[in-house]
Amino acid sequence: MKTSALFVIFGLVLLFCNSFAAELEMTGRGCGGLMAGCDGKSTFCCSGYNCSPTWKWCVYARPGRR
C-alpha cells in the first residue's frame with residue numbers, strides 16, 4: 001500500500017516537472033506559435049505563422065493570406 005502511494009506521488013511529480021519544462025520552453029522563445037498573442041510591433045509570430053490583423057494571434061501562414 002505504501003509503495004503504490006509512493007508511485008502515485010512520484011508519477012505526479014514527474015507530470016508536474018514535464019509540464020513545467022514544456023511551459024518554460026514555450027515562453028522562452030522570442031516568437032509565438034499557433035494562437036499565441038501578437039501585435040506585429042513588439043510581439044511576433046514564429047516562421048510559418050502570420051499575425052492575424054483581426055484576432056491579434058498567430059495563425060498558419062498560407063498563400064493568399066495577408
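From the backbone N, Cα and C atoms, a Cβ is placed for every residue, glycine too.
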Swiss-Prot pairs CYS38 with one of CYS17, CYS51 in a disulfide bond, so which one is it?
-> CYS51
Which candidate, CYS17, CYS46, does Swiss-Prot give as the disulfide partner of CYS31?
-> CYS46
Can you name the far-off residues of the same chain, 6+ from the ends of the signal peptide (1-21), with a Cβ under 8 Å from a Cβ of it?
-> none
Could you check which of the disulfide-bonded residues (CYS31, CYS38, CYS45, CYS46, CYS51) sits closest to PRO63 (proline amide), going Cα to Cα?
-> CYS51
In chain order, residues whose C-beta lies under 8 angstroms from the C-beta of CYS38 (disulfide bond), counting only those at least six residues away in the same chain, are GLY32, PHE44, CYS45, CYS51, SER52, LYS56, TRP57, CYS58
